Amino acid sequence: MNLTELKNTPVSELITLGENMGLENLARMRKQDIIFAILKQHAKSGEDIFGDGVLEILQDGFGFLRSADSSYLAGPDDIYVSPSQIRRFNLRTGDTISGKIRPPKEGERYFALLKVNEVNFDKPENARNKILFENLTPLHANSRLRMERGNGSTEDLTARVLDLASPIGRGQRGLIVAPPKAGKTMLLQNIAQSIAYNHPDCVLMVLLIDERPEEVTEMQRLVKGEVVASTFDEPASRHVQVAEMVIEKAKRLVEHKKDVIILLDSITRLARAYNTVVPASGKVLTGGVDANALHRPKRFFGAARNVEEGGSLTIIATALIDTGSKMDEVIYEEFKGTGNMELHLSRKIAEKRVFPAIDYNRSGTRKEELLTTQEELQKMWILRKIIHPMGEIDAMEFLINKLAMTKTNDDFFEMMKRS
């Protein structure tokens, strides 16, 4: 029996399964407690139980395997990992571990890990001699992540504008600068769907911080990938813990030469959470930001890199501006020069209900010549020269109308050449 499979089973089926095993009063219990009771009953019959999760090591030296389904929140069905196992396999926070588990003995509260079968989807022996993330060599992004799907749909228009305005590569550190109601969540969903469609080999993680619960549900249903969220009714410490778990997991996967993509909504809210959590240093910047508060969100954002030894970590984060809060302006100013790709959304364009509301002239990618062919780069530059004198709304309307006539960007450039 597998713990993860039970977590994905609907509650009604779990109750039926439990009643068939002779358990009572399940209807009044929480889902995690029902799973706990079923597994305890199952283990009494002497059969094996398997479980997996992402390791979080606590200060006392032991750790727990947390589940991504509950957004790495501590719960009764977490799996205890002993300090000796952590030392033996050289495990770190963020390692994805699967193995055989046993039910709690008398006086214990958690399931315990008996045997490690896999570390980060690899044999445990291979995990011992990997290079630490901090020691890997960072490079410019040089392998393109294409967003265009080529199916001619209206969603694909957004992806195509994105490919023209600011191409994204593996290892990009991108910032989407957005005022409220400019369609940033829709844009992120679009990017997520394009990545799942065009690059199924990449590990996609969507991290929603301080978000509305209904948007979390929508994202989980639309995105083929891991959606980890902490809603606005949870404390700041919880936002911070979720973000730390996601970035640590991503780093461990990059050490195993995987390409990981994190879509973060939003870095402003994450920085606000760190500002609440961090101990007061006595120095306060404009807008009430503590002088030490922005170091950790910068470490999160700065982890994005293309790695020479193989693998990459791409982070596309949204930053909020024009919210009327001085703190948000300060946070944006701090992150402004750190990314190597910027996409600006415009409130004016969105108010006219023209989507995607991208401010084409202000958006762009550094070192874009590494991501595109020389011929494509020339065409993109010519397009910029045509669009530059127009106003931001006219530019976007012109581009969308022209793109709608063709199915792919190559066709669009051909049409441009002829005219």
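Heads up, residue numbers simply count up from 1 along the chain you see.
Cβ atoms are placed via backbone N, Cα and C, with glycine included.
When ARG128, ARG212, ARG221 are compared with the ATP site residues GLY169, ARG170, GLY171, GLN172, ARG173, GLY174, LYS181, ALA182, GLY183, LYS184, THR185, MET186 in Swiss-Prot, the one appearing in that site is ARG212. Your range for region 'RNA-binding 2', going by Swiss-Prot and the list 69-73, 249-253, 284-288, is 284-288. When the ranges 25-30, 61-66, 193-198 are checked against Swiss-Prot, the one recorded as region 'RNA-binding 1' is 61-66. The local packing around LYS326 (site 'RNA-binding 2'), expressed as other Cβ atoms within 10 Å of its Cβ over all shown chains, amounts to 13.
With helix defined as DSSP H, G or I and strand as E or B, the region 'RNA-binding 2' (284-288) counts 3 helix, 1 strand, 1 coil. Across the residues annotated as binding ATP (GLY169, ARG170, GLY171, GLN172, ARG173, GLY174, LYS181, ALA182, GLY183, LYS184, THR185, MET186, ARG212), the widest Cα-Cα separation comes to 30 Å. The number of other Cβ atoms within 10 Å of the Cβ belonging to THR185 (ATP binding site), over all protein chains shown, comes to 18. Within the set of binding-site residues (ARG173, LYS181, ARG212), the lowest number of other Cβ atoms found within 10 Å of a Cβ is recorded at LYS181.
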